[in-house]
Every structure is written in C-alpha cells, then in structure tokens.
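Chemist: Got a structure for you, questions after.
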Amino acid sequence: MNPNQKIITIGSMSLTIATVCFLMQIAILATNVTLHFRQNEESIPAYNQTTPCKPIIIERNIKYRNWSKPQCQITGFAPFSKDNSIRLSAGGGIWVTREPYVSCDPSKCYQFALGQGTTLDHNHSNGTIHDRTPHRTLLMNELGVPFHLGTRQVCIAWSRSSCHDGKAWLHVCVTGDDRNATASFIYNGMLVDSIGSWSQNILRTQESECVCINGTCTVVMTDGSASGKADTRILFIREGKIVHISPLSGSAQHIEECSCYPKSYPNVRCVCRDNWKGSNRPVKLDINMADYSIDSSYVCSGLVGDTPRNDDSSSSSNCRDPNNERGNPGVKGWAFDIGDDVWMGRTISKDSRSGYETFRVISGWATANSKSQTNRQVIVDNNNWSGYSGIFSVESKSCINRCFYVELIRGRPQENRVWWTTNSIVVFCGTSGTYGTGSWPDGANINFMPL
C-alpha cells in the first residue's frame, strides 16, 4: 500500500469503530431509561393512577332518637333562658309574636313562635290580638335570641308543632280558612305531605313540640268545636310522610294544645287542654308508637292545672272524667309523671292568666283527688301576666330532663293603652340540685312602648 491508501484504510477503520461505539452508547442509554421507568411503575401504587376528580363524601353516623334513657330525678326547676323581646322591642325591629315554644335537636335548643307579619313599632301591629291570619308564620331562632328581622320564617302557620327525629326537623304547619285549613308537613326543609281539614272547624295542633322515636314522629291534631264535641286524631309521620292516623280513644272528652314528652319506649305521653268540660287538665294521653294504640284519661291531682278553675279547696279530679268545674275556656299547660307523683305548672290566679307556679303533687298521677303539694316555686309573681306554657325534653348523657317555658303576654286584651298583643318567654329546666327564689316577669314598662 502506498502511504495514501494506508491513511484511508486507518481512517475508515477508526470511523467504523467510532460508529459502533456510538450505537452501543445509545443502546446502553435506552436500556437504562427502560429499566428506570419499569422500576418506578412497580413502586407506584395503583391508586396513584389518573382517575376522574370526584368529591369525597364523609358520612356522619347520624341516628334516629330513641329516648331510651330514664327520666332525670329532680328536686325542682332552675332558670335557663329569657329572651326579653318586648323590652327590646321598645327600640324597634322585633317581631310581634304569640304562642311560643321550645324544642331541641341533639345538640342545641331553639325557640319558636307564631309571628304576626310585623314588628311591634309598626302600624301593622294594630289588631294583632287575632289568632288566625294568612300573615302568620312560624319563626325559629336559637334559644335566647329574640325574633329580630333576620329571623327565619319556617312556614306559613297559625297553628303548628315541631320536633327533631335525630336527623332533621319536622314542622307541622296549619294555615288557611277556618272552615277548610291545610296542615303542611315539612321535613328537612322540604314539603313532603299535607292533610286538609276533616271537620271544617279550625284544624289545629299542639302549639309545642311533637315527639319522634326511632324515626317516627307523632302529633296530636283536633278539628271541631272549641267548646263542644270535636274530632281529635293522632298522626304518625316518618320523614315528613303520614304513615298512620289513629282516632282518639279513652275517657277524654275534649283535647286541645297537648304538651307531649317521650316516656318509656315505645310510649309518648301528653297532657292537654280540655276547653269544654274540665279544668282538671286532661289528659293522660298515652300514645304507643309501636302499634299506634291510644288511651286517654285525666290527671288525678285534685289540685287542677287549667285556668279558670275552682279554688283548691273545692277543685277535684277522679282520674277518668272531666270535673265539670269551669271547663271553658282554658289555657295551654303541662304536667308530667314521676312514679305515682306529678310535677305540674299553672297560673297563680285561678281566674286569669297572671302569675305562674310549679309544684309536685304526691300521688297526683295515680290517686284520685290527691292534694298533697310539695316543692312549690314561683316563676312569675301574681302581679304580672303569664300565658301559655308547655314542656320540652332534653337528653343528657345519663337521663332525660324535663324543661318548660312560660309565655309572658303583654298588650291587649289586658293592657288597652296599646293596640298590639305580643309576648316574651322565660324557660326553666329540671335540676337535682338546690335552688333559690325569685320572679321572672316580662318586665317591659308599657308606658315606654310604641302604641
């Protein structure tokens, strides 16, 4: 080979070797990359793969209430809440209301009332003594919060009841014509069912809380004469839907405005107003939530709970029948049993809705005409107005406590200086401790109030 050929041959061989080395480097790089990604794929869990984005829903373990605990043993009642709504109304911006009540969900208590579609300092408050108008609505606030302009209007109603089944609120709301009213059943904020008047004479309900056990709620409703025979029915509702209706049975002659409480599953017990024949506060109304059976009678205590009533020395009750003592008109009230005894509340005046007292009657639930009274407390002194009252139940860790509210009515018909009628509220709950004395009236100076 000449020198030029040697140079060309060496150059060609070098280029070939370089090309082979380059290709080998590419092959090694490709192998490393492949092995790297395979190793990562094996170490990545399956849930890291790409999936559609969906909201994560965490369900709470919400249960229906069963009220299976025993009733708390109490020595009397201690102050719990007072809303002072009429005193605050002097500055304006507070609803005109009446017929208040209190009911609690598993964690918090609320106060309810029927609003008149106006505030006290407005001309529309003139004439609010009337019970049934299309402007009345059910108001709902946390207990202790007066019904200000931001208050929620739950439904249209001039008669109603509310209760919480452990999952949601049920509201039974009656409104419409006296001769053809409608009751709407609102559950969890939605209208679920309804029922029309069955006697065409002011369909009405409890004006205090209903009771729910294991998802079924019961409410007492009456349609018919307020001073004669009427048709009372007990409705059973599940998540807003009527599932059964039972007629009244037993010896009760007239039932209105029941104050009900859970009592020894599957029973609900109510004490109601006889607006016709008796001042002995019917009704030991016993409702069986399991088989829908009903029984009724009268509170045995000879110290009777309605207003008007006879003097205590001449009042009576035989447990089974109305006492025919000043039975008409009457007022909403409450009582509850504790063994054979009965705790009860009533106006201090036997003739009018003034003052308020509570006491325990020994054997007042079991023995006719019992009159042995103990643990008396004055809630409102007799120089101040009271009104409706009712019961509500609160479940603690170990027992079921009984509480009550008193409506403190001001304005007409007793105070004619003003044109309106409204109320505030005071609330007490059972206590096993000691307690003092006092009086908790509405407290508004009528001369400071708008006319």
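Using the three backbone atoms N, Cα and C, a Cβ is placed for every residue, glycine included.
Taken from Swiss-Prot, the feature topological domain 'Intravirion' applies to 1-6, supported by sequence analysis. Swiss-Prot lists 7-29 with the feature transmembrane segment. Among the features that Swiss-Prot reports, region 'Involved in apical transport and lipid raft association' is placed at 11-33, with the record citing sequence analysis. Residues or ranges marked as topological domain 'Virion surface' in Swiss-Prot: 30-451. The N-linked glycosylation site annotation in Swiss-Prot covers N32, N48, N66, N123, N126, N180, N214, N384. Residues annotated as region 'Hypervariable stalk region' in Swiss-Prot, with sequence analysis given as evidence: 36-68. Sequence annotations record features per position, and here Swiss-Prot assigns region 'Head of neuraminidase' to 71-451. Sequence annotations record features per position, and here Swiss-Prot assigns disulfide bond to C72-C399, C104-C109, C163-C210, C212-C217, C258-C272, C260-C270, C300-C319, C403-C429 based on sequence analysis. According to Swiss-Prot, the substrate binding site annotation covers R98, R132, E256, E257, R273, R353, on the basis of sequence analysis. If you look up Swiss-Prot, you'll see 307-331 marked as region 'Disordered'. If you look up Swiss-Prot, you'll see Y388 marked as active site, nucleophile, on the strength of sequence analysis.
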Chemist: Please report how many Å separate the Cα atom of R98 (substrate binding site) from that of C429 (disulfide bond), as a whole number.
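Modeler: With distance taken Cα to Cα, C429 (disulfide bond) is 21 Å from R98 (substrate binding site).
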Chemist: Just report the maximum Cα pair distance in Å for the recorded substrate binders R98, R132, E256, E257, R273, R353, no decimals.
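Modeler: Output for substrate binders R98, R132, E256, E257, R273, R353: max Cα distance 21 Å.
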Chemist: Cβ distance under 8 Å to C260 (disulfide bond), same chain, sequence separation 6 or more: which residues?
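Modeler: Once residues fewer than 6 apart are set aside, C260 (disulfide bond) is near Q206, S208, E209, C210, V211, T218, V220, V268, R269, C270, L285, I287, I391.
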Chemist: For R132 (substrate binding site) and N214 (N-linked glycosylation site), what Cα-Cα distance in Å is obtained after rounding to a whole number?
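Modeler: With distance taken Cα to Cα, N214 (N-linked glycosylation site) is 34 Å from R132 (substrate binding site).
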Chemist: What is the separation, in Å, between the Cα atoms of N66 (N-linked glycosylation site) and E257 (substrate binding site)?
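Modeler: Each residue's Cα considered, N66 (N-linked glycosylation site) and E257 (substrate binding site) end up 24 Å apart.
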Chemist: Counting other CB atoms within 10 A of each CB, which of the disulfide-bonded residues C210, C272, C399, C403 comes out lowest?
Modeler: C399
Chemist: Between N66, N123, N126, N214, which of the glycosylation sites has its C-beta surrounded by the fewest other C-beta atoms within 10 Å?
Modeler: N123
Chemist: For C217 (disulfide bond), which residues in the same chain are close in space, meaning a Cβ under 8 Å from its Cβ, but six or more apart along the sequence?
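Modeler: Long-range Cβ contacts: C163, D165, L170, C210, V211, F236, I237, R238.
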Chemist: Expressed to the nearest Å, what is the distance separating C272 (disulfide bond) and E256 (substrate binding site) at their Cα atoms?
Modeler: 6
Chemist: What is the number of residues in the region 'Disordered' (307-331) that are helix, strand and coil, as DSSP sees it?
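Modeler: Summed by class, the stretch gives 0 helix, 0 strand, 25 coil.
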Chemist: DSSP secondary structure for the residue listed as 'active site, nucleophile', reduced to helix/strand/coil, please.
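Modeler: DSSP call for the residue listed as 'active site, nucleophile': coil, neither helix nor strand.
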Chemist: Report the same-chain neighbours of C319 (disulfide bond): residues 6+ apart in sequence with Cβ closer than 8 Å to its Cβ, ordered by sequence.
Modeler: S297, Y298, V299, C300, A368
Chemist: Out of the recorded positions N123, N384, C403, give me the one sitting nearest to R273 (substrate binding site) by CA distance.
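Modeler: For R273 (substrate binding site), the spatially nearest of the recorded positions is C403.
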Chemist: Can you tell which of the recorded positions C104, N126, E256, C258 lies nearest to N214 (N-linked glycosylation site) in space, using Cα positions?
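Modeler: When the Cα distances are compared, C104 comes out closest.
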Chemist: Given the glycosylation sites N180, N384, which one's Cβ is surrounded by the fewest other Cβ atoms within 10 Å?
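Modeler: It is N180 that, of the glycosylation sites N180, N384, has the fewest other Cβ atoms within 10 Å.
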Chemist: With the cut-off set at 10 Å between Cβ atoms, which of these disulfide-bonded residues ends up with the most neighbours? Options: C104, C163.
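Modeler: The largest 10 Å Cβ neighbour count belongs to C163.
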